[in-house]
Protein chains: 4
Amino acid sequence: MTTSFFTRTEPVAFAGEASTDPLAFRFYDKDRMVMGKRMEEHLRFSVAYWHSFTWPGGDPFGGETFLRPWMHGGDELSQAKAKAEVAFEMFRLLDVPFFAFHDVDVAPEGASLTESNSNLAVITDIFAEKMQSAKVKLLWGTANLFSNRRYMAGAATNPDPDVFAYACGQVKAAIDATHKLNGANFVCWGGREGYETLLNTDMKKELDQLGRFLSMLVDYKHKIGFSGPILIEPKPKEPTKHQYDYDTATVYGFLERYGLTKDVKLNLEQNHAILAGHSFEHEVKLAYALGIFGSLDVNRGDDLLGWDTDQFAMDAKEMALVFHEMLKHGGFSTGGLNFDAKIRRQSIEPDDLLIAHVASMDTCARGLLAAEKMLADGALTGPLAERYAGWSGEEGQAMASGGRTLEAIAARAEGLDPQPRSGRQELLEGIVNRYV
Amino acid sequence: MTTSFFTRTEPVAFAGEASTDPLAFRFYDKDRMVMGKRMEEHLRFSVAYWHSFTWPGGDPFGGETFLRPWMHGGDELSQAKAKAEVAFEMFRLLDVPFFAFHDVDVAPEGASLTESNSNLAVITDIFAEKMQSAKVKLLWGTANLFSNRRYMAGAATNPDPDVFAYACGQVKAAIDATHKLNGANFVCWGGREGYETLLNTDMKKELDQLGRFLSMLVDYKHKIGFSGPILIEPKPKEPTKHQYDYDTATVYGFLERYGLTKDVKLNLEQNHAILAGHSFEHEVKLAYALGIFGSLDVNRGDDLLGWDTDQFAMDAKEMALVFHEMLKHGGFSTGGLNFDAKIRRQSIEPDDLLIAHVASMDTCARGLLAAEKMLADGALTGPLAERYAGWSGEEGQAMASGGRTLEAIAARAEGLDPQPRSGRQELLEGIVNRYV
Amino acid sequence: MTTSFFTRTEPVAFAGEASTDPLAFRFYDKDRMVMGKRMEEHLRFSVAYWHSFTWPGGDPFGGETFLRPWMHGGDELSQAKAKAEVAFEMFRLLDVPFFAFHDVDVAPEGASLTESNSNLAVITDIFAEKMQSAKVKLLWGTANLFSNRRYMAGAATNPDPDVFAYACGQVKAAIDATHKLNGANFVCWGGREGYETLLNTDMKKELDQLGRFLSMLVDYKHKIGFSGPILIEPKPKEPTKHQYDYDTATVYGFLERYGLTKDVKLNLEQNHAILAGHSFEHEVKLAYALGIFGSLDVNRGDDLLGWDTDQFAMDAKEMALVFHEMLKHGGFSTGGLNFDAKIRRQSIEPDDLLIAHVASMDTCARGLLAAEKMLADGALTGPLAERYAGWSGEEGQAMASGGRTLEAIAARAEGLDPQPRSGRQELLEGIVNRYV
Amino acid sequence: MTTSFFTRTEPVAFAGEASTDPLAFRFYDKDRMVMGKRMEEHLRFSVAYWHSFTWPGGDPFGGETFLRPWMHGGDELSQAKAKAEVAFEMFRLLDVPFFAFHDVDVAPEGASLTESNSNLAVITDIFAEKMQSAKVKLLWGTANLFSNRRYMAGAATNPDPDVFAYACGQVKAAIDATHKLNGANFVCWGGREGYETLLNTDMKKELDQLGRFLSMLVDYKHKIGFSGPILIEPKPKEPTKHQYDYDTATVYGFLERYGLTKDVKLNLEQNHAILAGHSFEHEVKLAYALGIFGSLDVNRGDDLLGWDTDQFAMDAKEMALVFHEMLKHGGFSTGGLNFDAKIRRQSIEPDDLLIAHVASMDTCARGLLAAEKMLADGALTGPLAERYAGWSGEEGQAMASGGRTLEAIAARAEGLDPQPRSGRQELLEGIVNRYV
C-alpha cells in the first residue's frame with residue numbers, strides 16, 4: 001500500500017530562486033553556509049507525526065476528508081506499521097533531519113496501560129531499526145495526555161490522583177521511548193492542564209500538582225541519563241478555556257516557583273503566541289531574555305480567528321525577525337523547527353502534504369537568509385545600540401547596577417529636563433522591508 | 001463655584017431594596033455585618049481622582065464634553081484648589097471611606113521637577129487639612145509617569161537614563177506625599193513601560209531597568225517607614241502595544257526574578273483582566289494562589305471591544321465570584337475597591353457622577369451579600385472539596401508531597417483504570433444563579 | 001435500554017423561587033400569564049437533537065466522553081430508533097413544547113442519497129407516530145450540508161455543480177420531512193457556505209449560487225404549501241474562515257439582493273452574535289428593525305474565547321433585554337427558543353442533560369418576567385421616548401419624512417446652537433439592575 | 001516658519017531597488033507602465049491632512065509629542081495658513097497627485113456655523129490658488145461631524161433634530177468646498193453614527209435618519225453638478241461601541257434599503273476591515289462583487305490590538321492581493337490610495353513624516369508590480385477558472401441561471417456521488433510567495 005502513497009520517489013532538492021516547481025526548493029539550500037553553519041544545521045526541520053499521519057482531516061463540524069489508507073481496514077498495530085512506512089518515506093522525500101511524535105500517534109492505545117506501553121515499544125523498535133539507515137533523527141517525543149476521556153479534566157492537574165498516576169505511567173514510557181531513540185528533547189504540552197470553569201477548580205492545588213509532576217519528571221530524566229531538556233509548550237487556551245501554560249512569561253513564573261528553570265525550557269509556537277496576544281517574535285525574545293529558550297513549533301495562526309489553525313508558516317518577514325533574534329544567540333542548541341502544522345482539510349491529495357512542507361521550508365530559509373544579511377549589515381542592531389547608548393555612560397551604568405539610591409537619583413533629577421528622541425519606527429520598518 | 005456643582009447636599013444613604021431612587025443605596029448598608037466585619041470595612045470603596053475630576057470627557061475622536069468649571073479660567077493652582085473642593089464634596093456625598101490619586105491629577109505640572117513637586121506639596125497640604133475633619137482616607141497615591149511627552153518611550157524603561165532619573169524624582173515625591181497623607185498603599189501602574197515595536201526595543205535591558213527601579217523604590221519605602229505595600233497594576237496593552245506588566249502571572253514571574261514578592265503586591269482590574277484574556281475572578285484567584293493579592297480597581301470593560309473602556313461595574317454575579325474568593329481569604333488587608341471607572345462622555349450632568357458610583361457600589365454590595373450566603377451554605381466550597389477528596393487519601397498525599405518517584409507511581413499505574421467523573425458545570429452555574 | 005437512561009420518570013415541575021432542587025423550575029411556571037399569553041407560549045422552548053443526542057462529547061483534542069448507549073453496538077438504524085426513544089423521553093421529562101433536528105441527527109446517512117432519504121423517512125415516520133400522543137411539536141427541521149466530506153468546500157457554494165445538486169436533493173428531502181411533521185419553520189444554517197482562503201474562491205459566483213439555491217427552496221416551499229418561513233442562521237466564522245451569513249446586517253443585504261426578504265427570516269444565536277462582534281440584543285433589535293426577525297437559538301458563548309462554545313444560557317439580564325425587545329413586538333410568531341446548546345464534555349451524567357436545560361429555561365423565564373415588568377413600568381421605554389421627543393415636533397417630522405432639502409435645513413442651521421444632553425447610561429444600567 | 005519645517009527641498013525620486021536611502025523610492029517609479037497606465041495613475045496616492053498636519057501626537061494616556069510650530073502661538077486662522085504652507089510643501093516633496101481633508105482639519109471652527117463656514121472658505125480659497133500651480137489635486141473632502149461635543153450622540157443619528165440640522169449645514173459647506181476645488185469624491189465617514197448603549201438608543205429611527213441624511217446629500221450633489229460619488233467608509237467600532245457602517249456587507253444592505261447604491265460607493269480601509277473581522281482583500285473583493293467599490297484608505301492595523309492604530313501599510317503581499325483584485329476590474333476610477341495613516345507618536349522628527357510615506361508608497365508599488373505579474377502569468381486566475389469549470393457546463397449553467405427547479409435537480413441528484421477535489425491552499429500560498 002504505502003509504496004504507492006506518494007508518486008514521487010526522488011527527494012525534493014534545491015533548484016534556485018527561479019524555479020516554479022512546487023516540489024523544489026527555491027531558498028532552502030541545505031549545505032549553504034550561514035554564519036558558520038550549514039543551513040540544515042540552523043533550521044533543523046522536523047516533521048510532526050500527528051498532523052501529517054494521524055489527523056484524518058476532521059473538524060468540529062465534519063469528519064474525515066483524507067481517507068488515508070492506513071486509517072482503514074486491518075488491525076491497529078498493522079495500521080501503525082503501515083503508517084510508519086509512509087512517514088519514513090515522507091521524511092526521506094523532504095530530506096528533513098528530524099521528526100517528532102506523541103506516543104499515541106505512532107502506536108495504538110491498548111486496553112490497559114501495560115498494553116499501550118507494549119504497543120509503543122513494538123513501534124519504536126521499528127523506528128529504531130529504520131533510523132539506522134535513514135538520515136532522520138528524533139527531535140523530540142512526548143506523551144498525549146489529553147485525548148483519552150480519562151484525561152478530560154486534566155492529567156497532572158486532575159482532581160483524581162489515580163489519573164495523575166496514570167499520566168505518570170504514560171509519560172515514563174514516553175520518555176523511555178524517546179531516550180531509546182536518542183531524542184534530543186522531551187516535550188510536555190499541557191493538553192488539558194487548565195480549566196473549563198473556575199466554579200469547579202482549585203487552581204492553587206492544580207498548579208502544585210503540575211509542579212510536582214514536572215519535578216518528578218526532571219528527577220527521572222537525570223536518573224536515566226537523558227541529557228536533553230524537558231520542553232514546555234505555552235498555549236493560552238484550547239482545548240480548555242484557560243491553559244496553565246499560558247505564555248512564555250507565565251511559564252517562566254511557574255518554573256521559578258517550582259525551581260525548574262535549569263532543566264525545563266520552552267517550545268514556542270507562532271499560533272499559540274498570537275492566541276495569547278503576542279507576536280511570535282515577542283515570545284522568542286522574551287524566552288531568550290529569561291534564559292528559557294528551547295525549541296520552536298513552526299506554523300501560523302489566522303490573525304482573524306480565535307482558535308488554533310496550525311497552518312503552515314508562509315510569512316518570510318515574520319520568520320526573519322525570529323531568526324534575527326536567534327542568530328544573535330547562536331541559533332538552536334538541542335531545539336529545532338518542528339512543523340506543528342497541518343494541511344487544510346480540503347488539501348486531500350498526498351502531494352499537498354509535500355507541497356505544504358516545501359513551501360514552508362522555503363519560507364523559513366528565506367527568512368534565515370534575510371536575518372543573516374540584516375545582522376551582517378547591523379541594519380537593526382546598529383540603531384538599537386545607538387538608542388540605548390546613554391546607559392553605557394558612567395551615571396547610566398551606576399543606576400543600572402545598583403550603585404544609586406532613589407533619593408540620590410531624585411536629587412540629581414531636579415536639574416534635568418530630558419527631551420524625547422524619535423523612535424524611528426517607520427524608518428526601521430522600511431529597513432526590514434529592504435531585506436525581505 | 002464648587003458650592004453649586006452638586007445640587008444635592010445630603011450624603012447618599014441606604015434606603016432598602018425597594019427603593020427606586022437612583023441616589024439611594026438598595027444593597028449597600030455600610031453598617032450591616034458580613035462575616036464579622038461591617039460592610040464598609042469589607043468593601044473599602046475609593047473614588048478615583050483622575051476619571052472623576054481630571055478627565056474632560058475626550059476620546060481619540062473628540063474633545064471635552066463635560067465643561068467642568070475647574071478646567072476653565074483661572075490659574076492652574078487655583079483650578080486645582082477648586083477641583084479639590086468638588087472632590088471632597090463628592091467623597092462626602094458618596095460617604096466613601098477612601099480616595100486615590102496620581103500626582104498630576106491633583107496639582108499642575110510645573111516648568112521643572114522642582115516646581116511640580118512644590119505644586120504637589122501645596123495641594124497635598126490642603127488635602128491633609130481637609131482630611132482632619134473629613135471621613136475619607138487615602139487608599140493610595142501614585143505618580144503619573146506616562147502623560148508627559150518626556151515619557152513617550154517609557155519612564156523606568158526609557159532608553160534615556162535621564163528620563164529614568166526624572167521618573168525617580170517624580171515617584172519619590174509621590175510616595176513622600178502618599179506617606180504624609182497616611183496612604184495605605186502606593187501604586188505603580190506601568191503606564192508606558194512596554195513597547196510599540198520590537199524593532200527599536202531591547203526588552204531584556206528594559207526589564208532589568210524596571211526591576212532596578214522597583215527595587216530602589218522598595219528600599220526607599222522601608223527607609224521612610226512607609227508600611228503599606230507597593231502595588232503593581234497588571235495591564236496587557238494600551239497605551240503601548242505590549243505592556244510589561246501583562247497580567248498577574250507575568251508580574252509574578254517578574255517579581256520572582258527581581259526578588260520583590262515580599263514587598264510588592266498587585267492591584268487588579270477587571271478591564272485589564274479581560275484585555276489579557278482572563279476573567280476578573282481568574283486574576284484574583286491566581287493572585288491569592290501566588291501570594292501577591294493586594295487591591296482592586298473595580299470597573300468593567302466591554303467584552304466586545306478591544307480597549308480599556310473603564311465603565312462602572314454593574315454585574316453583581318461577577319463581583320459575587322470575586323468576593324467569594326476574597327472572603328475565603330479574609331477580604332482586604334490594606335487594599336480596597338477603587339473606582340477606576342469613568343462615566344461615559346455623554347453623561348455630562350454632575351449627578352451622573354453620583355448616580356454611577358451609587359449604582360456600582362450597590363452592585364458590589366449585592367455581590368458581597370451573595371458571596372457571604374454562598375460561603376455560609378457551602379454552595380460552591382462543598383462540591384469543590386468533594387471533587388478533590390481523593391488527594392486527601394494516603395497515596396494522594398504522598399504523591400503531592402514529594403514522597404513518590406515517577407517510576408514508582410508509573411509501576412503502580414499499570415493496575416489502574418481511573419474513570420472520569422462529571423464536572424457538573426451546569427449544575428454549579430445554576431447554583432450560582434440561585435444566589436444572585 | 002432507553003427505559004433506564006434517565007432515572008427520573010416524572011416531568012420537571014415548577015416549585016417556586018425558594019426551591020434548591022436542580023431538577024425543579026424556580027421561575028418557569030408554564031401557565032403563568034405574561035402580557036396576555038401563557039409563559040410556555042411566549043418562550044416556546046425547543047430541544048436540539050444534535051447536541052443532546054448526537055454529539056459524543058468530542059472536541060478537536062479528544063474523543064468521545066459521554067459513551068451514550070445508542071452510539072455503540074447495533075446497526076445504525078436500530079441505534080437511531082433507540083436514540084429517538086431517549087429523545088422523546090427527554091422532551092417529556094423537560095415538558096418542552098418543541099424540538100428541532102437535522103436530517104443526519106435522526107437517521108443514518110446511507111450509501112446513496114436515495115438510501116439516506118429512505119432512512120430519514122423511516123425515522124420521521126416513527127416521529128410522526130410518537131407525536132400523535134406526545135405534547136412536543138417540531139419547531140424546525142434542517143439539512144446537514146456540512147459534515148460529509150463531499151461538502152468540504154461548501155454545499156450551495158461548492159465549485160462543483162454536482163455537489164450543489166446533491167445538496168438540493170438533501171434539502172428537498174429535509175423540507176419534505178419537516179412538512180410531514182408539521183414543522184413551524186425550516187432552517188438553513190450555512191455550514192460551509194464561506195471560504196477558507198480567498199486564493200481559491202470566486203466570492204461573487206458563490207454568492208450567486210447561494211442566492212439561486214435559496215430562491216429555488218422558496219419556490220418549492222410555496223409549491224408544497226409549507227407555510228412557515230425559511231430561516232437563515234447568521235454566523236461569522238467556523239467552520240470556515242469566513243461564513244457568508246456573517247451577521248444580521250449581512251444576511252439582510254443578501255436577502256435584498258436576491259429578493260428574498262419576504263420568505264426568508266433569521267434564526268439568531270447569542271454565540272454567533274458575539275463571534276461577529278455584536279451583542280445578542282443588537283442582533284435581535286436589528287432583525288426587528290429590518291423586518292426579518294424569525295426565531296432564536298438560545299445559548300451563550302464565552303466572551304474570552306474565539307470559537308463557538310454553545311454553552312447553556314445562564315445570564316438572566318442578557319435574556320431580559322432580548323425579551324424586552326421581543327415583547328415590544330408581540331413575541332414570537334412561528335419562532336421559538338431552541339437550545340442550540342451543549343453540556344460541557346465533562347458533564348457526562350445523564351442528569352447533567354436535564355439539569356442544564358432546567359437551569360437555562362429558568363434563566364429565560366426570569367428574564368421574561370423582568371422584561372414584562374420593565375415594560376409595564378416604562379422603565380426603559382419612557383426615557384427612550386423622551387430622548388427622541390424632538391423628532392415629533394413639526395420640523396423634526398418634516399426633516400424625517402423627506403419634506404426638507406439639505407440646503408433648506410442648512411440655511412436654517414445657521415441660527416442654531418444645539419446643546420448636548422446627557423445620555424444617562426449609568427442611570428439606565430442601574431435601572432435594569434433593579435429588575436433582574 | 002514653514003520654510004524650515006522640512007530640511008529637504010528636492011522631491012523624493014525613484015532610485016531603484018538597490019537604494020538604501022529612506023528618502024528615495026525603490027519600487028515606486030511613477031512613469032513606469034503597468035497594464036497600460038502609468039504607475040502614478042494606478043496608485044493615485046493621496047496625503048491625509050488630519051493625521052499629518054492636525055494630529056499633535058496625543059493618545060488617551062498622554063498629550064502632544066510633535067510640537068508642530070503651527071499648533072502654537074498666533075491666532076487660529078494664521079495657524080491654519082501656516083499649516084497649509086507645510087502641507088503643500090509636503091505634497092510637493094512626496095510628489096503625490098492627491099490630498100484629502102476634513103473641514104475642521106484645514107480651518108478653525110468658529111463660534112457659529114456661519115463663522116466656521118466662512119473660515120473654511122478663506123482657507124479653501126488659498127488652496128484653490130495654490131492648486132493652480134501645484135501638481136496636487138483633491139481626492140476628496142469631508143465634514144468632521146464627530147469631534148465637537150454637539151455631536152457626542154451622533155450627527156445624522158442624533159436624538160436631537162437640531163443637531164441633525166447643524167450637521168446638514170456643515171456637510172453642505174464641505175461638499176460645496178470640495179466641489180469648488182474639483183474634488184474627485186466626497187466622503188462620509190460615520191464618525192459617531194452608532195451607539196454607546198442600546199439602553200438609550202432607538203436603532204431603527206436612527207438608521208432611518210441616516211438614510212434620510214444621505215438621500216438629501218445625494219439630491220444636493222446632483223443639484224450642484226458634483227459628478228463624483230459619495231463615499232461611505234465602513235468601520236465597525238470606535239469611537240462608538242457599535243458603528244452603523246460596520247463593514248462592506250452592512251453598508252451594502254443599508255444602501256439597498258434606502259435606494260442609494262447608484263450614487264454611494266465605499267471607501268475601504270485595512271484597519272477598519274480587520275476590526276470587523278475581515279481581511280482587507282475580503283472587503284475589496286466583496287465591494288466589487290456588490291458593485292459598490294469606490295476608493296481606499298490605505299493603512300494597517302495591528303493584528304494583536306483591538307483599536308484603530310492607523311499605521312502606515314508596510315506589507316507588500318497584502319497590497320499585492322488587493323491590487324490583484326483591482327487590476328482585474330481595471331483599477332480605480334474616481335478613487336485613490338489615501339494615506340489615512342499616522343506616524344507613531346514617538347516619530348517626532350519632521351523627516352519621519354516623509355520617511356513613513358515613502359516606505360509605504362514603495363510597499364504599495366511593490367504590491368502593484370507583483371499583482372501585475374501574477375495576472376500576466378495567470379498564477380491565481382488560472383487555477384481559479386479551472387476550479388469552477390464545472391459551472392460552465394450545460395447543466396451547471398442551467399442551474400445557475402434559474403433554468404431548473406429544486407425538485408428537478410433533486411431527482412437528478414439521486415444518481416450522483418460527487419467526489420471532493422483538493423482546494424490546494426498551500427500550493428496557492430506558495431505561488432503567491434513566488435511573486436512577492
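Each Cβ is built from the backbone N, Cα and C atoms, and glycine gets one as well.
In TrEMBL, annotation is done automatically, which means it is predicted and not curated.
What you are looking at is a predicted structure, and each value in this text was computed from that prediction instead of being measured.
Sequence annotations record features per position, and here TrEMBL assigns active site to C:HIS102 (among others). Sequence-distant neighbours of C:HIS102 (active site): residues of the same chain at least 6 apart with a C-beta under 8 Å from its C-beta are C:TYR49, C:TRP50, C:GLY141, C:THR142, C:ALA143, C:ASN144, C:ALA174.
Sequence-distant neighbours of C:ASP105 (active site): residues of the same chain at least 6 apart with a C-beta under 8 Å from its C-beta are C:TYR49, C:TRP50, C:PHE53, C:THR54, C:ASN144. In the three-state DSSP classification, C:ASP105 (active site) falls within a helix. The active site annotation in TrEMBL covers C:ASP105 (among others).
Here the Cβ of C:GLU269 (Mg(2+) 1 binding site) has 27 other Cβ atoms within 10 Å, regardless of which shown protein chain they belong to. Summarising the annotation, TrEMBL assigns Mg(2+) 1 binding site to C:GLU233, C:GLU269, C:ASP297, C:ASP340.
The number of other CB atoms found within 10 A of the CB of C:HIS272 (Mg(2+) 2 binding site), across every protein chain shown, is 30. For C:GLU269, C:HIS272, C:ASP308, C:ASP310, the entry in TrEMBL reads Mg(2+) 2 binding site.
Within 8 Å of the Cβ centroid of the Mg(2+) 1 site, not counting the listed residues C:GLU233, C:GLU269, C:ASP297, C:ASP340, the chain contributes C:TRP189, C:LYS235, C:ASN267, C:LEU268, C:ASN271, C:HIS272, C:LEU296, C:VAL298, C:ASN299, C:ASN338. The Cβ neighbour count for C:ASP340 (Mg(2+) 1 binding site), using a 10 Å radius over every protein chain in view, is 23. Note: the Mg(2+) 2 site is recorded as C:GLU269, C:HIS272, C:ASP308, C:ASP310; in the same chain, C:LYS235, C:GLN270, C:ASN271, C:LEU275, C:ASP297, C:ASN299, C:GLY301, C:THR309, C:ASP340 also have Cβ atoms within 8 Å of that site's Cβ centroid. With respect to C:ASP308 (Mg(2+) 2 binding site), the closest of these binding-site residues in Cα terms is C:GLU269, chosen from C:GLU233, C:GLU269, C:ASP297.
Checking each of the binding-site residues C:GLU233, C:GLU269, C:ASP297, C:ASP340 against C:ASP310 (Mg(2+) 2 binding site) by C-alpha distance, the shortest gap belongs to C:ASP340.
The secondary structure of C:ASP308 (Mg(2+) 2 binding site), as reduced to three states from DSSP, is coil rather than helix or strand. Secondary structure from DSSP puts C:HIS272 (Mg(2+) 2 binding site) in a helix. The Cβ of C:ASP297 (Mg(2+) 1 binding site) has 26 other Cβ atoms within 10 Å, all protein chains considered.
Cβ-based neighbour count (10 Å, all protein chains) for C:ASP308 (Mg(2+) 2 binding site) stands at 24. Neighbours of C:ASP310 (Mg(2+) 2 binding site), defined as other CB atoms within 10 A of its CB across all chains, total 25.
Taking all protein chains in view, 22 other C-beta atoms sit within 10 angstroms of the C-beta of C:GLU233 (Mg(2+) 1 binding site). For the pair C:ASP297 (Mg(2+) 1 binding site) and C:HIS272 (Mg(2+) 2 binding site), the C-alpha distance works out to 9 angstrom. Looking at C:ASP340 (Mg(2+) 1 binding site) and C:HIS272 (Mg(2+) 2 binding site), their Cα atoms lie 11 Å from each other.
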